[in-house]
Amino acid sequence: MKIRGDVVRLYRNVHSWVGIMAGLFLFIAFYAGGMTMFELPLGNWASRTATLPAPVPADRLSELVQKAETADPSMIANHTVVLHPDETSPSSLMWVVSSDRDHGPARTVYAGLAADGTLVTQTRTPSQVGYFLNILHQRIGLPLNREYGRLIMGIVALLYAVALVSGTIVLLPSLVRNLFAVRLTENLRRMWLDFHTLLGVCSLPFHIVMAATAAGFAFHQPIMALEKTLFLPAVSTHLPQKNHSHQGDRPQALLEPLAIVDAFRKQVPGLEPDTLAYSSRGGKLSLHVTVQDAAQISRRPDGGYGEVNPYTGRLISTDFLPNHQKPAFQALTLIYALHFGTYGGWLIRWGYAVLGFGGAFLFYSGNQLWISSRRRRDRSAGLAEDSFGTRCLSALTTGCMIGCISGVSAVLAAAPFLPEGGHYQAAEALFYAVFFICLTVAACWGGTRSLRPLITAAGVLTLLIPLTDMTRSLTSGEVTSLAASVDGVALVYGVVLIVLALRKSPHRRTEIRIPVTS
Amino acid sequence: MSGTTQPKPLDGTGWIGKVLAGLILGATLAIGLMGILGLLFHADAQLKTAASQILRWFPGPVWGLVVAFSFLFRSPRHAWLTLVLVNAVVWVLFFLLHGVMA
């Protein structure tokens, strides 16, 4: 493909400046984003579930709900019946007792029946560690509130889009020639360039999808406001439905859980209800029957849902029910699924995690590339030391990026010992403490000199995860397969980090001697 | 690389003006296009239909592309003029459609 030389040169400049501006934020967004692929399992891992009330048999579900309602009449407005309790979600009934939704999973009552038929409950907050990682991802590492965080994220998404377009333009003319030519030479700059190119090209579709969907999520609120003014109000085709709901105004008894399940199975054969989630908005109770099928394209990691009338069991809406969506809603779900990796089961989620971490490394390599070319220019200009800008970026790159890795590992390592598996504020405080310590070390020692000590620290913190978790498991005598797999992954990852830090590098000294050619 | 067809090669001069044009007029352009598509696909102002929800993802990428390609304008003046013109066409079309369909 032919692109004029001056255009390529112009966009090479654009790419490096935009990349530098967005790279640090995007590293954190992608590293934490890769972690969010496992938000639910990580949350379950951090919450200790063994002490929760045991599940009740299906035929006693309605007895359980009735007894819970007698004990706490307000629970009806916001409760969930778990039809298939398992290791990570063992109680058959739970309801939320606080409305603080900003910090993730809210304070929840878990209920079960004792041997003599009396109601047993336990109240606690599920671990908010997984949610903290998600918010870290959404706020690109800045401790901002929803409003400003979203806007900053939008600006970064815009920079990201410009970096993608410019990077593609730079690469197109020499794509085939340079793609698989990874030159593991003595020249550090060459090596970073080749890695950066290979990673960038191989994950380009993923990055295009992420940039496009992220911009949508970031500008959600302002765009919604604009849509309301630009679009025409809908022609009211819902009149018959309105009459119908009017009839439902007179107080009725809720249908029993098993009756709902039966009605649901009759209306949508082939889908197995997973939970019955009741919620109320404006005094009107609504029911989402969620179905869990990892291989389906679904809007959220916890599966798709159908909206059901809680009094009659009649299916009201299949807009977000897998296999029963209209094409337009299927397309809408696909937008969510493409961003969250919620299609094609665990293989895709692992693939997304790898692409996410790969993306983080892409930004790391981009910054390293920028630093090495700046250094080369400084040397050719006769400077013996790095210029101020190079030193700053070098320290920021090492401090922020390794600080992010260390901070996330520290939060996960502390989770087994934090009360209730880690509240949001605790996770946030710990993360930023570790993050700023790393940043300070990098600022004091310089980016290059602090790199190895900081990666070692990140590796040690990562190795603490299996250590603290095993300690917890041994003291409580409960070892789950989930805990074992989290520990295993953390162990391998920590060892890799330490090996990377201790590996001998022949590059640094030789690079300075390389004659400047251009 | 092919030979230059234009007398003056492109470089970074005036990039602030070009990017500002892309940022401001790119946003209005993206919103105008979203409005037209919304009218054509009968997206509703109550945001209940799939069309109005899908269109929420439309302006972001368009805006990003306009900003990214705004570097290609020959001069800031050229950038502002072209984008104002395109904006005018899009918004006139939107209000015509809005008037016809309302």
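Using the three backbone atoms N, Cα and C, a Cβ is placed for every residue, glycine included.
Computed from a predicted structure; not experimentally measured.
Database features, via TrEMBL:
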TRANSMEM  A:17-38  transmembrane segment
TRANSMEM  A:151-175  transmembrane segment
TRANSMEM  A:195-219  transmembrane segment
TRANSMEM  A:352-371  transmembrane segment
TRANSMEM  A:392-417  transmembrane segment
TRANSMEM  A:429-447  transmembrane segment
TRANSMEM  A:454-470  transmembrane segment
TRANSMEM  A:482-502  transmembrane segment
Test of understanding: applying the rule of at least three C-beta pairs under 8 Å (pairs 6 or more apart in sequence), is the transmembrane segment (A:352-371) touching the transmembrane segment (A:17-38)?
yes
For the transmembrane segment (A:195-219), the distant same-chain contacts (Cβ-Cβ under 8 Å, at least six residues beyond its ends) come to 138, 150-151, 153-154, 157-158, 160-161, 164, 167-168, 171, 175, 178-180, 182, 335, 338-339, 352, 355, 358-359, 361-362, 365-366, 369
For the transmembrane segment (A:454-470), the distant same-chain contacts (Cβ-Cβ under 8 Å, at least six residues beyond its ends) come to 45, 398-399, 402-403, 405-406, 409-410, 412-417, 434, 438, 441-442, 483, 486-488, 490-491, 493-498, 500-502
